[in-house]
Amino acid sequence: MKTIEWLGDSLRILDQTKLPVESVYLWTKSYEDVAGAIEHMQVRGAPAIGATAAYGFALGALAYEGSREGLDAYMEKVSARLESTRPTAVNLFWALRRMQDTLREARSVEDLAEVRKLLVQEADKIADDDRRMNRLLGEHGNALVPPKAAILTHCNAGSLATVDYGTALGVVRAAVAAGKEIKVYADETRPFLQGARLTAWELMQDGIPVTLIADNMAGFLMQQGKVDLVIVGADRIAANGDTANKIGTYSLAVLAHVHGIPFYVAAPTSTIDLKMAGGQDIPIEERAGKEIREFRGIPVAPADVPVYNPAFDVTPAKYITGIISEKGVVSPPYSVNFLKIMVRPS
Ligand code: MRU
């Protein structure tokens, strides 16, 4: 099932809040619909959010009814709304910047229909690039995976979090395709349960062996020697390699370090934000307390208990063995080695 699909005048989104119980689609017909779907996490995962926002931008232009002169100012409003949805994944801002650049390059194009066409083409290109990059990233990551491996992952960095194939799960898919004997341990990933609801479902759909564990079991599995390597995705990687990813990633990285287990981050270079010197600069989204107090409307805690709900944490670069990108595997020191790959074509 496709995470997102452009239908010419609307964007079809697989509603991830309903998985794995129901597989239902949302038809987003306006940029507001798209912003709502990102905010409510009906579509989530850094690269998927980026591509979705790009189509949201295109939908804004498609629905615009004013003159050519007024378009740029209107699109600033559209972009600001889409940017306001989620703060941590840099791919959202990266994709919207590409859309804004396309609009700027089209400033001499008088015909609105032509401008709209260029914007849809750019959104298609962002989506196509994502598909292509994930395959490349998967191949690079596969080189790090032994012929027989138990891989622990957190959250969902699979095809559901991207346009297709996935980043961390892209590496898993490439290793399976190469004939390796792979077993995945999926952390359930409290409180939104992306691991339980999405990673477990996605891998089972593909017939890849997966075992679900509660988040607090990872340390024990490592102690028992059941984990060969950890691979996670990323929402934003700072210039020094510090990595923001789903809350709980930091704990896993420290555990992996203590147990001498390699800990890899798999992400396209669009997730690297050289403007952020270190992890302390990365904005961390805080979500509503009810995500912890309830599950799908069922109370699991006292209704009025105070809650702190950061959606992401930052793993210091010193705990990351390597960063797997579409341009190859980057080793520490990241601040030096990022500069080398950022100029290299993929
Ligand atoms: O809050 P989410 O579900 O959007 O968080 C997703 C993650 O943290 C993923 O690991 C990350 O975006 C990488 S997805 C390829």
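Quick reminder: no glycine exception, Cβ is built from N, Cα and C everywhere.
Note: TrEMBL annotation is automatic and uncurated.
It should be emphasised that the depicted structure is a prediction, and the values quoted were computed from it without experimental measurement.
Secondary structure from DSSP puts ASN245 (substrate binding site) in a beta strand. Summarising the annotation, TrEMBL assigns substrate binding site to ARG44, GLY45, ALA46, ARG86, GLN194, ASN245, LYS246.
Here TrEMBL flags CYS155 as site 'Transition state stabilizer'. A coil conformation is recorded for CYS155 (site 'Transition state stabilizer') in the three-state DSSP classification, outside any helix or strand. Under 8 Å, Cβ to Cβ, and six or more positions away along its own chain, CYS155 (site 'Transition state stabilizer') finds ALA161, ASP187, THR189, GLN194, GLY195, THR199, VAL232, GLY233, ASN245, LYS246, GLY248, THR249.
According to DSSP, ASP235 (active site, proton donor) is assigned to coil rather than to any helix or strand. Summarising the annotation, TrEMBL assigns active site, proton donor to ASP235.
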Distance [Cα-Cα, Å, rounded] between GLY45 (substrate binding site) and ASP235 (active site, proton donor): 8
For the binding-site residues ARG86, LYS246, the one whose C-beta sees the most other C-beta atoms within 10 angstroms: LYS246
Listed recorded positions with Cβ under 6 Å from ligand 1, out of ARG86, CYS155, ASP235: CYS155, ASP235
Any further residue of that chain within 8 Å (Cβ to the Cβ centroid of ARG44, GLY45, ALA46, ARG86, GLN194, ASN245, LYS246) of the recorded substrate site: ILE49, ALA89, CYS155, ASN156, ALA157, ALA161, GLY233, ASP235, ALA311, PHE312
In three-state DSSP terms, the structure that ALA46 (substrate binding site) belongs to: helix
